[in-house]
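Report on the structure given below.
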Amino acid sequence: MKENLILKESEVIRILYPPGIVQTDDCYLDEEGRIYTTDTICEGTHFRIEWSGPKEIAQKLVEVNVSDIAAGGGIPTKAFLNLGLSTQCSKEEWILPFSISLQESLSSYNIELCGGDTYRSSSLNLTLTLIGVTTKPWKRSGGKDGDFLYLTGSVGLSLLGYKILKEGLDIPEPLRSLALERHLTPKARLKVSKELSKNSPVSCCMDLTDGLLLDLPKLASSSNLGLKIDLEKIPILSNILTYLSLGEVLSSGEELELIFLSPVELPKTLCETSLTKIGNTTSDWKGVKFFQGNSEKTFEHLGFEHF
């Protein structure tokens, strides 16, 4: 394939919508307060069957979709599943353990499986659609000048887990287990989202799926604001920078952490999850600028692309 024929995910999305229509949120909100999302995970793009078993794949499928609902300020209630099954998926060794894990993951969020479709595929393709409810929806376009930028948890673990599996990096415990867990079975921050929705003003929110270097510009663009990021405030677990460069950490995708704007100072922990203020919005420029002290920094790594 010629290089100029390879489109970025954002370009594909723009082409699909009619001229003048811009969809920047991961969820759709209807007039009755229902919130919808759908996400697909594909063999070779989002997981490898030599690394992930049916249990882990089912968990990841649920979590990435729940994460979208959490980023929209909603609570998931119903699910529809489309399964593209390859010839390697036998009933006993794959479909049954996948089904058990899927039901356990959905039940943990009180989500009802309502229907779907199955088909034969050359490789595994799994799509989950979630419907939820919300009384305080969060749109990416809701950011205001002077808002504080917050990040839940920490970043870098997912990419480190990928490198452990792909390159055989020798990482000591407990960092090794934390990295593998984040890469193979990341967890949505739904509890944090619920608590914020109840008690704290949130201007806008998104989940971290493509890395900070790609996702932060999306947030800034949607609210037509600039973001000033303090690199020294970004939460990175001890010793990760021994194995990854800072640019790689900022490119780590599928972390499923929440990035959100709020006009108020928030506590440093919520639902046993850290909340870190890593920057603020500004009307002085558009886009994202990273600072280390008073010096602006730029990075070559751009984050996780789906194409």
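Note that Cβ sites are derived from N, Cα and C of the backbone, with glycine treated the same way.
Keep in mind that what you see is a predicted model, and the values were worked out from it rather than measured.
Cross-referencing Asp25, Asp26, Asp117, Asp147 against the Mg(2+) 3 binding annotation in Swiss-Prot, which names Asp68, Asp207, picks out Asp26. On the backbone, the CA of Thr37 (Mg(2+) 4 binding site) and the CA of Asp68 (Mg(2+) 3 binding site) stand 7 Å apart. Among the binding-site residues Asp26, His46, Gly116, Thr209, Glu254, the residue whose Cα lies closest in space to that of Thr38 (Mg(2+) 1 binding site) is Asp26. The local packing around Thr38 (Mg(2+) 1 binding site), expressed as other Cβ atoms within 10 Å of its Cβ over all shown chains, amounts to 16. Across the residues annotated as binding ATP (Gly116, Asp117, Arg140, Thr209), the two Cα atoms farthest apart lie 31 Å from each other.
Other residues of the same chain near the Mg(2+) 4 site, with their Cβ within 8 Å of the Cβ centroid of Asp26, Thr37, Asp68, are Asp25, Cys27, Thr38, Asp39, Asn65, Ser67, Ile69, Ala71, Gly72, Leu130, Asp207.
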